[in-house]
Amino acid sequence: MFTEQVLNVIILLQTATVTATAIPASGCNAGDVQCCKSVQKADSAGGAALLGLVGIVLSNLDVFIGGDCSPITAIGVGGTSCSSQAVCCENNSFNGLIALGCVPINLSL
């Protein structure tokens, strides 16, 4: 029973981590396009854990942060893909560990 509850919570967290509306990749004027394995609100438990990894304290917790991100460089070229969540992030200065101020994007638009 406990295992089933834990599994349900994990599934809920995975499906609820990104709720922002995706924008086309061409509309990414805030920063670089990234492919992140996780994208969460900064005020969530997962977001707090990511921020704690690098000792960041944010004054605005109403932003999305990406975890384990890598740049996507050739938008519009065949073969561009992201098997996780494609995002446009304002601050990617943490060597891919986390990215701040992320907005989900749609690579197919």
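Numbering starts at 1 and runs along the chain as displayed.
Glycine is no exception: its Cβ is also placed from the backbone N, Cα and C atoms.
Since we're looking at a predicted model, the values are computed, not measured.
For reference, Swiss-Prot has these:
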DISULFID  Cys28-Cys88  disulfide bond
DISULFID  Cys35-Cys82  disulfide bond
DISULFID  Cys36-Cys69  disulfide bond
DISULFID  Cys89-Cys102  disulfide bond
CARBOHYD  Asn91  N-linked glycosylation site
CARBOHYD  Asn106  N-linked glycosylation site
SIGNAL    1-20  signal peptide
Give me the Cα-Cα distance between Cys82 (disulfide bond) and Cys36 (disulfide bond), rounded to a whole Å.
-> 8
Whole-number Å value for how far Cys89 (disulfide bond) lies from Cys35 (disulfide bond) (Cα to Cα) | 10
Looking only at the recorded positions Cys28, Cys36, Cys69, Cys88, Asn91, Cys102 (disulfide bond) has its closest CA neighbour at Cys88
Just jot down the residues in the same chain as Cys28 (disulfide bond), at least 6 apart in sequence, with C-beta under 8 A of its C-beta; none if empty.
-> Cys88, Val103, Ile105
Cys36 (disulfide bond) falls, by three-state DSSP, under strand
Could you state the whole-number distance in Å separating the C-alpha atoms of Asn106 (N-linked glycosylation site) and Cys69 (disulfide bond)?
-> 16
